[in-house]
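Written out below as structure tokens is the structure these notes cover.
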Amino acid sequence: SEQQQVTCYHHNDANNEWIVKKIRNKKSSESPESDESSESFNNKTDIEFIKNNDVIRLLHAKTGRNLHSHQVKAPVTKSQWEVSCYGNETVGDSNDYWIVEVYDDLNVKTDRVRSLTTRIRFRHKVHNCYLRAANVVLPQWGFKQTEVTCDKRNNPKDVFTHWNIERHWNDKLPPGGKSHYKSRFFNDFWHLNVAMYTTNNALVPDPDKDDILASSPRQWPIMEVGLRMCSWADNAVKYYLLGNPFVWLPGTASLVLYLLVLAWYIVRRQRQYRDLTPAQWDHYLYIGKVCLVGWFLHYIPFCIMGRVTYLHHYFPALYFSILMAGYIGDHFTSKLNKKFKDIIFGISYLLIVGVFLYFKDVSFGITYPSKEYKSRKWFSTWNIAD
């Protein structure tokens, strides 16, 4: 229809704000342009709370246009009607009218709309369709935001047609106390996890753009990539997200080595060899449960996500691999002379500190042209130098 676009967006800004208005009076429906504004009408009356089955208009605060739907197919979901913004305070038609249906309230049984706790549905007065925002992402012209439609189906349990008032202002009302908004823990737990899941899955890679920052999970354990931060101009201070190779790579190797040694011990135990005491064997298995399973649970989810991924997503799993590296080092040196063991660990500490100092500019800032850092580009896949 080329009317003002309406989308949903996973962040909070002023474009989320709407003004609740009465429907136009009889005179205005015959001549919308001569309508007496509902603002001046409300100033002559007391507070009226919105209740179940009330008919309202929603005026977009920033643009002054009415939430609107009509018999035009939605841009992506063709089986549903388009939702747009149309007209203004005085110009409009009956396609701007929405019937409020109270679905439920998290705290009390009521037919009145309360902010935060009441779930409501908006039914279009003319077309009997429901305002809906599912996980359908608009193309680039819609900035990859969520499509809003008017669904002809009436499914009260469709959570994508459930809405709530996040914030509300009215100078005639007293401030809302915290006691009015207490909610059940498991309800909040479920809601927040669904919100995080939905938001993460909405961050899909754009096939039309080459994202130099994005990387795939398979590249993280072998330190195949780094991540440029801030501007990369020659005269800018540049930062490059890159781990210490002498920490990162042994951590990954220790995970593989643990499994190989575990298999070796299991085979030998089947042949009645006892390389470890029962306490040592229990400790070895315990480390596997903590470090190996911990690494797996923090790494694998990113392999099955549809969202765009970056190097910093590996950091929680990285901690577990570092712990595993420390244990494997201790395990293989446990039978050595204490002095010799101290020498091995001392050399390891010196190497870690030395490698950090060698790459310190990526952390403290590269103040010179990045091409001068080319000699420290250990892997061809590091885009640290142009």
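Any Cβ shown, glycine's included, is placed from N, Cα and C.
If you check TrEMBL, you get these features:
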- 47-103: domain 'MIR' (DOMAIN)
- 110-168: domain 'MIR' (DOMAIN)
- 246-266: transmembrane segment (TRANSMEM)
- 286-308: transmembrane segment (TRANSMEM)
- 314-330: transmembrane segment (TRANSMEM)
- 342-359: transmembrane segment (TRANSMEM)
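Restricting the average to the domain 'MIR' (47-103) gives a pLDDT of 94. Sorting each residue of the domain 'MIR' (47-103) by its DSSP state yields 3 helix, 27 strand, 27 coil. In the domain 'MIR' (110-168), helix, strand and coil residues by DSSP number 6 helix, 18 strand, 35 coil.
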